[in-house]
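Trainee: First, the structure itself, so that you have it in front of you.
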Amino acid sequence: MIPVVALVGRPNVGKSTLFNRLTRTRDALVADFPGLTRDRKYGRAEVEGHEFIIIDTGGIDGTEDGVETRMAGQSLVAIEEADIVLFMVDARAGLMPADEGIAKHLRSREKMTVLVANKTDGLDPDMVTADFYSLGMGEVYAIAASHGRGVTSLLETVLLPFVQDEIEEPVELTEEEENAAYWAALEAEEQASEEEAEDDFNPEDLPIKLAIVGRPNVGKSTLTNRILGEERVVVYDMPGTTRDSIYIPMVRDEREYILIDTAGVRKRGKVTETVEKFSVIKTLQAIEDANVVLLVIDAREGISDQDLSLLGFILNSGRSLVIVMNKWDGLSQEVRDQVKDTLDLRLGFIDFARIHFISALHGSGVGNLFESVTEAYSCATRRVSTAMLTRIMQMASDDHQPPLVRGRRVKLKYAHAGGYNPPIVVIHGNQVKDLPDSYKRYLMNYYRRSLEVMGTPIRIQFKEGENPFAEKRNKLTPTQLRKRKRLMSHLKKSK
């Protein structure tokens, strides 16, 4: 089992900074702002070849109210999941009543706890850590997470011995058993390499990255928790509850997924806090990183311009799409009909995306989402042969010939796959770059119908073959040169 390490402490003591330092990423949002982290965030770290899992948590200060209560609950869950707890305190702020309350709870859980005093840069470590010994947590390790000072010593002194203790003692084998094990391992390795060489890359072997995006307070985290069957992320009736993108692995029907719960995206003019700007960037990065995007829309508020703006970013990113109309419960039939009419009117240009009407709070319709998700992913990653793509191109050309350009008919020669997720079809021919947009849309829709592609956009790219005689002058052959010489000689004599 890989050891699990939880980072616990008051708000703004540097837990996310240490998380980024240990995982060597910038996955956790960091700013000088209490309460920035609200959900449990998981990451992998390594000490001398030994892996362990790091959990970043929201702060606990004992005065939680409203959404902060949920944040504290996430931290308590992380403590229960952990093998080691790094209890972080702020050396600059000194010992606080909330630190004593957290220490009391940790002692009651009987977890292996290490007291870490952060923000000791520029200070005398012995002097600033003296007060924290009164917590009764043993040795105090002084670090400066933002600069990395003391972090390596912390890892080697605390975490590495724990990881090594987890490694089982090797079992003594006889010489015959060692030889048999060696040849069995060698045979298995050769067989695996042969199979790997024979088998093509199979996207079905990879987990589907599923991003849940939308405006603030449309129910993204509620939907995430409903899918997972636990309160994995903080849910509260207040816009902006989620501030970071949370990656959560899960398995459903023997298929692996990675759920990405994101922060809400508002109009640019309303994004004022620096923290929120970082959150929006994280959301847009999550869309780029995802395979399939669930765009959650509040059915009671209808489709806004911001929904369309977010939709445009998803399409420009080439991501597969499933539209989710949340909060469908409680709407009258008349309102539901109006919402559907609005969808047909404003989203008619993306007829390839499945639309689901659900209630994340009560769970109605949520189970049907994954059928559309797997369909969209399969269509986006399906391999299609050059022969098939060329045949479809020829059928489309026979049904509706390309138009004339400057008096000449555009000629389509052949087509092949240019990429996947989204599917890209590259068409070669003469004057293809002069094709009007209407004919390009015709080809795109023809490929979509022929390949039965749903849930993902298709991109068509055109390439023209180079003219081999473009910059070449006509040169006479040796025979032609001899004839020319005789002709010139004859003309001179005749004069």
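Placed from the backbone N, Cα and C atoms, the Cβ positions cover glycine too.
OK, Swiss-Prot features for this one:
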DOMAIN    3-166  domain 'EngA-type G 1'
BINDING   9-16, 56-60, 118-121  GTP 1 binding site
DOMAIN    208-381  domain 'EngA-type G 2'
BINDING   214-221, 261-265, 326-329  GTP 2 binding site
DOMAIN    382-466  domain 'KH-like'
Trainee: Take the Cβ of TRP328 (GTP 2 binding site) and count every other Cβ within 10 Å, whichever protein chain it belongs to.
Mentor: 20
Trainee: Check the domain 'EngA-type G 1' (3-166) for me and report the mean pLDDT.
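Mentor: Averaged over the domain 'EngA-type G 1' (3-166), the predicted model reaches a pLDDT of 78.
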Trainee: Could you check which of the binding-site residues (GLY9, ASN12, LYS15, THR57, THR120) sits closest to LYS220 (GTP 2 binding site), going Cα to Cα?
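Mentor: For LYS220 (GTP 2 binding site), the spatially nearest of the binding-site residues is THR57.
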Trainee: So for THR262 (GTP 2 binding site), how many other CB atoms are inside 10 Å of its CB?
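Mentor: 28, counting other Cβ atoms within 10 Å of THR262 (GTP 2 binding site).
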Trainee: Using DSSP, what's the helix, strand and coil tally for the domain 'KH-like' (382-466)?
Mentor: 32 helix, 26 strand, 27 coil
Trainee: With H, G and I counted as helix, E and B as strand and the rest as coil, say where DSSP puts LYS15 (GTP 1 binding site).
Mentor: helix
Trainee: To which of the binding-site residues ASN12, THR57 does the lowest count of other Cβ atoms within 10 Å belong?
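Mentor: Among the binding-site residues ASN12, THR57, the lowest count of other Cβ atoms within 10 Å belongs to ASN12.
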Trainee: Take the Cβ of ASN217 (GTP 2 binding site) and count every other Cβ within 10 Å, whichever protein chain it belongs to.
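Mentor: Other Cβ atoms within 10 Å of ASN217 (GTP 2 binding site): 18.
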Trainee: What is the interatomic distance between the Cα atoms of TRP328 (GTP 2 binding site) and GLY9 (GTP 1 binding site), given in whole Å?
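Mentor: Roughly 39 Å, rounded to the nearest whole number.
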Trainee: Please state whether DSSP places ILE60 (GTP 1 binding site) in a helix, a strand or coil.
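Mentor: For ILE60 (GTP 1 binding site) - judged by DSSP and reduced to three states - the answer is coil.
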Trainee: Report, as a single number, how many Cβ atoms besides its own are within 10 Å of the Cβ of THR120 (GTP 1 binding site).
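Mentor: The answer is 24 other Cβ atoms.
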Trainee: Compare the Cα of THR120 (GTP 1 binding site) against each of the binding-site residues GLY214, ASN217, THR262 and report the nearest.
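Mentor: Nearest in space to THR120 (GTP 1 binding site), counting only the binding-site residues, is THR262.
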Trainee: What whole-number Å value do you get for the CA-CA distance of THR262 (GTP 2 binding site) and ASN12 (GTP 1 binding site)?
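Mentor: That comes out at 21 Å between the alpha carbons.
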